[in-house]
Amino acid sequence: MNSEFEADHDALLQSIVDVALAIYCAEASSIFLYDTERDELVFRAVSGQGQGQLVGRGFPSTQGIAGWVLSSRQAMIVDDLTGSDIFAKDIAEATEYVPRSLMAVPLLHDDEALGVLEVLDPHPQARAAIAELELLVMFARQASVALRVIRNYAHAVRDDPNARRREETRRLLSALTDLMEEDSGPLPRR
Amino acid sequence: MAALDLALTWRLKDRPDDLGVTTTWWSHAPDLAGATGRGVRVCVLDSGIEPGHPSVGPIQGSYAVEIENGEPIVRETQAKDVCGHGTACAGIIRKIAPECELYSVRVLGPGFAGRGNVFVEGLRWAVEQGFDVINLSLSTTRKQLADELRAVSDDAFFRRSVIVASAHNLPVESYPWRFSSVISVGSHAEEDPALLIYNPRPPVEFFAHGSDVEVAWPGGGRRRCTGNSFATPHVTGLCALVLSGCPRLTTFQVKNALYMYARNVRREP
């Protein structure tokens with residue numbers, strides 16, 4: 001089960017792809033996390049097509065447009081994708097959806113490529129110019145920070161097995177306090 | 001010490017007409033009419049090049065960086081492109097310089113995403129081979145590799161290997177496009193594939209066609225792509241044209257030839 005901390009950050013990543021979807025009037029938007037141990041790109045947040053089906057699913061880090069972008073660390077827009085093999089077929093089959101066009105930006109922090117942010121089938125008027133990549137870059141920077149925090153947290157939990165239990169205890173105590181306040185009015189706090 | 005105020009510009013935000021540059025000295029713009037790139041050896045450091053692609057044509061050599069005993073080493077390899085990026089770049093170069101020799105050095109691939117030393121070793125090897133032009137539609141953000149890359153880039157400059165490098169299209173520091181010894185390229189938003197713009201406000205020195213570019217696609221087809229990755233091979237192709245007419249030019253002279261060729265540079269009346 002996700003901790004409250006992880007749930008907050010999942011919500012942040014989800015809000016980024018939700019906003020990207022809305023701004024570009026797109027069919028879908030996704031954030032992929034680069035899993036260095038498995039050398040895979042893993043869906044971390046999805047909005048629109050594939051939402052609820054793809055989170056947690058991974059594919060080789062060199063596959064598809066996301067693989068291009070992760071490897072080259074360069075943002076790009078690709079059109080005319082219909083009929084192309086390079087967009088990951090397994091993903092297309094899982095969602096029964098193949099995009100016509102795609103915008104992709106690497107998620108970077110310092111000297112690391114953390115993942116990729118994609119927008120699928122943005123409205124043609126929303127992606128007509130190269131300038132539109134800059135807007136996506138702004139979202140990418142938010143996503144990069146969120147991914148970085150999540151990973152640091154995961155490392156902290158790994159290095160200190162009791163951290164998750166302590167946090168869970170704190171969360172339960174907080175929830176209990178809130179519940180008691182609802183039932184009997186405010187409690188004195190130390 | 002405070003660095004000069006050099007913005008991380010990656011694309012041309014002005015219209016080309018707003019970026020007029022007049023010069024008080026003038027030799028002449030290179031005459032590229034009839035130039036084909038013949039005899040010029042161009043290396044594409046990327047994800048490989050797909051063999052037999054109709055938009056790319058013959059590839060004179062395919063190499064890849066491999067890891068042996070934990071160390072990167074360049075080996076001759078079977079031609080293939082692991083993701084398509086290199087094929088897209090090669091097709092643009094071939095279109096501009098149809099008779100140049102194309103060589104591929106694969107530095108992108110499975111397991112390489114976190115290994116900047118693969119990139120450095122591939123570039124070092126390419127410089128040692130004396131390729132005339134090296135296309136880099138990629139960069140690394142690893143600061144610890146900056147000094148090593150700067151040394152390799154300086155070496156290339158004096159060995160007459162012209163490195164043409166994509167400016168990063170994110171507001172982050174990356175290398176080697178920031179170095180003055182390479183030719184750095186960003187995108188303009190114009191539809192003219194032949195339009196080259198000199199940037200009087202570096203570090204990005206030139207803007208080329210990077211928006212809605214038709215590129216070679218894995219499997220033999222073509223697609224339309226946008227990004228600095230695709231602006232860079234336009235300049236690589238131009239360098240090949242310049243060098244096919246004047247093979248002994250230094251990197252310094254090639255850069256000046258591009259400056260004179262840029263459409264926004266005009267002689268002061």
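The backbone N, Cα and C atoms fix where each Cβ goes, glycine too.
Here TrEMBL flags B:ASP46, B:HIS85, B:SER229 as active site, charge relay system. According to TrEMBL, the domain 'Peptidase S8/S53' annotation covers B:37-262.
Looking only at the domain 'Peptidase S8/S53' (B:37-262), the predicted model's pLDDT averages out at 92. When the alpha carbons of B:SER229 (active site, charge relay system) and B:ASP46 (active site, charge relay system) are compared, the span between them is 10 angstrom. Cβ neighbour count for B:HIS85 (active site, charge relay system) (all protein chains, 10 Å cutoff from its Cβ): 32. Cα of B:HIS85 (active site, charge relay system) to Cα of B:ASP46 (active site, charge relay system): a distance of 7 Å. DSSP assigns B:HIS85 (active site, charge relay system) to a helix in the three-state reduction.
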